[in-house]
Amino acid sequence: MATTPLLLLLLTAVFLSTEITAQRAAPAPGPAGPINITAILEKGGQFVTLIRLLNTTQIGNQINIQINSSSEGMTVLAPTDNAFQNLKPGTLNKLSPDDQVKLILYHVSPKFYTLEDLLSVSNPVRTQASGRDVGGVYGLNFTGQGNQVNVSTGVVETRLSTSLRQERPLAVYVVDMVLLPEEMFGERKISPMAPPPKSKSPDVSDDSESSKKAAAPSESEKSGSGEMNTGLGLGLGLVVLCLKFLL
């Protein structure tokens, strides 16, 4: 009977030592790796075109650097491949490299927003494209209620369908349309290549023609002067004849 408590003590000691050893052997969780926007989009599985544009414009690297160094965070609105396919043919190819950069930056806000934040945010919301053009706002307008949030550019309007990530410092929301800024695609936008409207000026050739017509005597004037000359000649002839008879 005396050996039973001793046996229990030994088993308890063995159990405790095993627990301590296991705790020491368990590796401590390492720090989380840097956030990568491309990796997040690749995991989403329907953003091939957007990833390509992020790489060719180098905006993907800029986002990664700013996300991991800024305290404000960022919000990305990610158009799907279908969204790009629904654009008019040649829309992207017609854009200059600088305009392509502005188009992608227009989908990025330099601040972290939850869906709840976007429902009460002051419009227009600044984007990374804001301030790149003189007088260009490049802002986004958010409206909605409940869990539905809509975004409008002045040219297109769509809703934020799903969230790929909504954790500081980065929020990524899926949109079903490419966000076209009014500064680039609005109806009132004048193409920089369009010639300026010509001011209507008097035609020099018309003036010269009219002056020639004014200077040239009309047919009636010509006939009138001819008749006058004929009358004067007859009168002088009669005077000469009368003088001859008198003399």
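Cβ coordinates come from backbone N, Cα and C, glycine included.
What you are looking at is a predicted structure, and each value in this text was computed from that prediction instead of being measured.
Lifted from Swiss-Prot, the feature list:
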type: DOMAIN; residues: 34-179; note: domain 'FAS1'
type: CARBOHYD; residues: ASN36; note: N-linked glycosylation site
type: CARBOHYD; residues: ASN55; note: N-linked glycosylation site
type: CARBOHYD; residues: ASN68; note: N-linked glycosylation site
type: CARBOHYD; residues: ASN141; note: N-linked glycosylation site
type: CARBOHYD; residues: ASN150; note: N-linked glycosylation site
type: LIPID; residues: GLY224; note: GPI-anchor amidated glycine
type: REGION; residues: 189-228; note: region 'Disordered'
type: SIGNAL; residues: 1-25; note: signal peptide
### Query
Mean pLDDT, the domain 'FAS1' (34-179)?
95
### Query
Non-local Cβ contacts of ASN150 (N-linked glycosylation site) (under 8 Å, 6 or more apart, same chain)?
PHE142, THR143, GLY144, GLU157, THR158, ARG159, LEU160
### Message
When you rank ASN36, ASN55, ASN141 by Cα distance to ASN68 (N-linked glycosylation site), which of the glycosylation sites ends up on top as the closest?
### Response
ASN36
#### Entry: Assigned element (helix, strand, coil) containing ASN68 (N-linked glycosylation site), judged by DSSP
coil
### Task
With an 8 Å cut-off on Cβ-Cβ distance and a minimum sequence separation of at least 6, pull the same-chain contacts of ASN36 (N-linked glycosylation site), or say none.
ASN64
### Message
Just to verify a number: CA distance, ASN55 (N-linked glycosylation site) to ASN141 (N-linked glycosylation site), in angstrom, no decimals.
### Response
27
### Message
Going by DSSP assignments with H, G and I as helix and E and B as strand, what are the residue counts for the domain 'FAS1' (34-179)?
### Response
46 helix, 37 strand, 63 coil
